[in-house]
Amino acid sequence: MKDQGSSGVSPAPGEGEKKAINSELWHACAGPLVSLPPVGSLVVYFPQGHSEQVAASMHKELDNIPGYPSLPSKLICKLLSLTLHADSETDEVYAQMTLQPVNKYDRDAMLASELGLKQNKQPAEFFCKTLTASDTSTHGGFSVPRRAAEKIFPPLDFTMQPPAQELIAKDLHDISWKFRHIYRGQPKRHLLTTGWSVFVSTKRLLAGDSVLFIRDEKSQLLLGIRRATRPQPALSSSVLSSDSMHIGILAAAAHAAANSSPFTIFYNPRASPSEFVIPLAKYNKALYTQVSLGMRFRMLFETEDSGVRRYMGTITGIGDLDPVRWKNSHWRNLQVGWDESTASERRTRVSIWEIEPVATPFYICPPPFFRPKLPKQPGMPDDENEVESAFKRAMPWLADDFALKDVQSALFPGLSLVQWMAMQQNPQMLTAASQTVQSPYLNSNALAMQDVMGSSNEDPTKRLNTQAQNMVLPNLQVGSKVDHPVMSQHQQQPHQLSQQQQVQPSQQSSVVLQQHQAQLLQQNAIHLQQQQEHLQRQQSQPAQQLKAASSLHSVEQHKLKEQTSGGQVASQAQMLNQIFPPSSSQLQQLGLPKSPTHRQGLTGLPIAGSLQQPTLTQTSQVQQAAEYQQALLQSQQQQQQLQLQQLSQPEVQLQLLQKIQQQNMLSQLNPQHQSQLIQQLSQKSQEILQQQILQHQFGGSDSIGQLKQSPSQQAPLNHMTGSLTPQQLVRSHSALAESGDPSSSTAPSTSRISPINSLSRANQGSRNLTDMVATPQIDNLLQEIQSKPDNRIKNDIQSKETVPIHNRHPVSDQLDASSATSFCLDESPREGFSFPPVCLDNNVQVDPRDNFLIAENVDALMPDALLSRGMASGKGMCTLTSGQRDHRDVENELSSAAFSSQSFGVPDMSFKPGCSSDVAVTDAGMPSQGLWNNQTQRMRTFTKVQKRGSVGRSIDITRYRDYDELRHDLACMFGIQGQLEDPYRMDWKLVYVDHENDILLVGDDPWEEFVGCVKSIKILSAAEVQQMSLDGDLGGVPPQTQACSASDDANAWRG
């Protein structure tokens, strides 16, 4: 028969003389998840749960439990009394509760129920060990873990040999047991020897049972046991009928509910599958939780060492456990599935108050703590959710901050993230949206999106050609057939300009019109080629002038390629082609025939954004300059063809495609602004071009200021440069700047591959150029042009040294190449030139997941230009530094370091997750660092120490030699001398947060390992430790750490 010993909570009548069972020891034996409600509080009693306890005690299936028709599924009761018991033979703990059903309740009872949730009756310091066969043998004694012995037992006197002492511990029945605690053996360990075998035999302990030692609030050593669950023989029906027990308890509850009279129940926490007497506050709180199918949740389970662990699961069903006998009951009405395969033995049905629902918000940009710790290789799957991955695969040119940071973007105004996700599923919505947006780029890119969605398995070069056509053709003009003479073409341009302004909106959305443009392209190429052949026959000029004109040829050759790919200004392109005809290999790589008829096809079309028309005199001067340069063509063209033929077809396509967006920006200028800009820049631009040419003659000095020469030295060049339009001069200067300094980059030349929002960057560049037109100052305009060069192809000096051009692989094979930023042409025609490092390059990049090639428009500005123009540096910096991997992986890899400016060609900056736009700026509004100076991230070298109610301190952890010095110093800092050094005091606990954001007890690790992994230290009170154990609070650690390391944060060593 069970012992009827009472507790100090509510002693039974007539038993006040008996020694009360220690509440902490009772709860320690009951388990870490057991918490009885306080007396006087309101509870909810579930008869189904009570029947399950009886069935578990009688080893009977739940299906055979009888029901009781007149008993409701739950009863709201008031807890009148609570008595703690322990069996005198087995030490099994159980509780006796007296409940009284209530129809209404007062405020005090409800308040008592709420306060009961915050009370933690588990002991602060204890350890539990499952006995092994050697522990239960008659010799050898009980082996105690070292850390447990140091925390729970009094300290040994190590001056003795061997160190030993006598321990006295009391059990649940207040019986004292004496043990000899000795430290011996090889290796040495803590043992309980004398008295242990007597305890084992008296309690009839077996291997698998557990023994626990605790220190109560009075620092008394207490001893308890937990018996392992073992199958027991079923009782004979003649001795006791389980059905009669079920009917008896259900009848008593039904009678009490009908008459509002008290009734008594017994609760066995070790035998009952779940608590069936729940605090009303806990029940009401659970009912407010909106559960649904598929919801994720956590649930606490007890571990072998008396700790707790959270298991993750998913709600798979909602319904009655027994719809026939207990209809509309909340008892185990949730059907769940568990994540871990080891959790297969967990029950499949739980109650709503037993789980902790997990809110899973939608992250379009995953937080830092969801990211992998190790960098990923290109093409490897990412940890992003599936929705985000699909979003990026469909629109790889959009940056991560699209529709989040720049919600007022002029490209896609009024489109929320939800609408974009809907467009991903329905491409027709994307086409409809593109018709309402006034942007020269949207229609072409909308078509490109549909192409990607519809043909994700196409060859990358085919998709490149498709996108190139969609981006170029909307900017071409449909007009009448171009006449053969050059001047007749010039005379038609004013009329074509007005015609273009009327037709352009329809051109951007008409595919048929694009086909007509392609035909017109070929027709114009035939007429322009005739003019080219006429100019090539006039090749007779002095050879001594070849050196001075060689640099101009190099400049205009690059200029020609830009105009060929973009089709920007027809008249300028014609004059340049007359002077410097492009090699046939250039357009051959674009997929055009080698025939001379196609060598000028792209430049012959009249364009809406043409700036100024040359006069007859200018045309004749251009022809004279062309005759002057024909001799140079013979010597240079063969070399240029050889260089370009060494490039593979995809590489040339990439180089030309990246110029398209740059040319489109200028086409947005109206004629009035164009004329104003040209008149202001005319004189200054000619001087700049002459200075650049003289620079080449005098050895390529690095200082532009040294190029200023006397008027007599500039005079011989006036006849050659005066014939050129100011647009050409400005573009020529920009073309000189594009070649850059071969020494400005030390990285080998490969392709940089990354999904970047090129569309928004292009529009920013367009707005910047419009602002530049409105500025009346010539010097300011020139500074704007110099601070914003055209997007170019960088020249890397090591491209010839490390990666031979003729051995390059196709673009799709360069995904694993080094981290250089662009392709490279041969620098031999431009050796000796040195230009400012502000001339950064543009990159042709690709999404590494589907190899979809895209052209990125990078505004390569200095930091001050970025700030003064109000550009979003959060996007711009991402663009400039994006690599062949996803730029968010780069952020992870470089979050604690700075970029190397010599390798990337951009100012150093420290990156934060999300491509932070924080830029160090001085009071004057300028960047605090030079353009190429390294900027290291601020690193904390001292360790933070925090204690609630006190100001935090910072210490140098490396100056301490051991834990004792650390504890003593911290105790002095916070005015708790003597309370941290004594390991047996329970007032304060010293814990630390390691580099994995786990909270551990200071002193468990070796000192050297502790110094290397500690991030911060916290001094917790006993109440804080208990609250952490109850709530599972890890002090601000991210949620996933709670789920992953719950076995560590709530084990037997909590305190």
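Each position is counted from 1, following the chain as shown.
Just so you know, glycine gets a Cβ as well, placed from its N, Cα and C.
Check Swiss-Prot against the ranges 701-720, 781-800, 801-820 and you find region 'Disordered' recorded for 701-720. Range annotated as region 'Disordered' by Swiss-Prot, chosen from 462-483, 616-637, 902-923, 1034-1055: 1034-1055.
Swiss-Prot lists region 'Disordered' at one of the ranges 135-159, 360-384, 585-609, namely 585-609. Across the DNA-binding region (127-229), DSSP assigns 15 helix, 41 strand, 47 coil. Shown for the domain 'PB1' (940-1024): DSSP residue counts in helix, strand and coil, namely 24 helix, 26 strand, 35 coil.
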